[in-house]
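Undergrad: Pulled from Swiss-Prot, these are the listed features:
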type	residues	note
BINDING	Arg53, Pro54, Ile55, Ser56, Leu70, Tyr71, Arg72, Gly79, Thr80	FAD binding site
BINDING	Cys226, Cys231, Cys234, Cys249	[2Fe-2S] cluster binding site
DOMAIN	3-104	domain 'FAD-binding FR-type'
Amino acid sequence: MPKLQEMMTIVSQREVASNIFEMVLKGELVEEMDLPGQFLHLAVPNASMLLRRPISISSWDKVAKTCTILYRIGDETSGTYEISKLQSGAKIDVMGPLGNGFPVDEVVSTDKILIVGGGIGVPPLYELAKQLEEKNCQMTILLGFASEKVKILEKEFAELKNVSLKIATDDGSYGTKGHVGMLMEEIDFEVDALYTCGAPAMLKAVAKKYEQLERLYISMESRMACGIGACYACVEHDKEDENHALKVCEDGPVFLGKQLLL
């Protein structure tokens, strides 16, 4: 039976952008990681905070048995702030990997891939891009951030082969001034598959522009409680059945575009 919960060891933790932390974890759970886009459910090291925090997996190394997560912290009363205070060598209670990730098996070398990410929705797209790199397909990656202060993973994406990378910031402090949707308007090729994760407004814009695309994969960000589909705290509307609720933690977080009513 797969291992789904473990006291993982924190290898390192550092602030990589304004209020955004990178944590490297080590443990046996890494062996279960295969699909990019899945998430971990972390217990907060504070007995008064009962709910776990869902954080997407940015990348992993099965040889080293390590995985990397990036997350944004809240104020001093938040669970993520408590997690950010943990030091190297500490243990943290982790469930995962949970949810359904991005499918990559169907991708072939002739495919033209578009990846669109915004803010803290960018991290799960990095492992996706790493796996697509092995397919030798052409990737265009569009990333949007509020400002240069919160820009993450640019170097990591840029080092991948067959990648065209463009960045937009809302305030114009880096790259193109404006939202990432403006970069989509510059796409002049037929997209074979599109993968996206970010804020609801961005996802809605992507879904509208590419609603006819069969291979449109959308990763939803949502507040969660149980993380395993039991509590219905993270539901989205099903486009094909208005009486059916899609659970982000169990049915997602990755959905086909045609499934979601955004």
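Quick reminder: no glycine exception, Cβ is built from N, Cα and C everywhere.
What does the local environment look like for each feature on the list?
TA: Same-chain residues at least 6 positions away in sequence with a Cβ under 8 Å from that of Ile55 (FAD binding site) are, in sequence order, Phe39, Leu40, His41, Leu42, Ile69, Leu70, Tyr71.
According to its DSSP assignment, Cys249 ([2Fe-2S] cluster binding site) is coil.
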Undergrad: With a radius of 8 angstroms around the mean position of the C-beta atoms of Arg53, Pro54, Ile55, Ser56, Leu70, Tyr71, Arg72, Gly79, Thr80, what other residues of the same chain does the FAD site pick up?
TA: Leu42, Ile69, Ile83, Ile120
Undergrad: Over all pairs in Arg53, Pro54, Ile55, Ser56, Leu70, Tyr71, Arg72, Gly79, Thr80, the listed FAD binding residues, work out the largest Cα-Cα distance in Å.
TA: 16
Undergrad: Measure from the Cα of Cys249 ([2Fe-2S] cluster binding site) to the Cα of every one of the binding-site residues Arg53, Arg72, Thr80, then give the nearest.
TA: Arg53
Undergrad: Within 10 Å of its Cβ, which one of these binding-site residues (Leu70, Cys249) has the largest number of other Cβ atoms?
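TA: Per the Cβ count within 10 Å, the most buried is Cys249.
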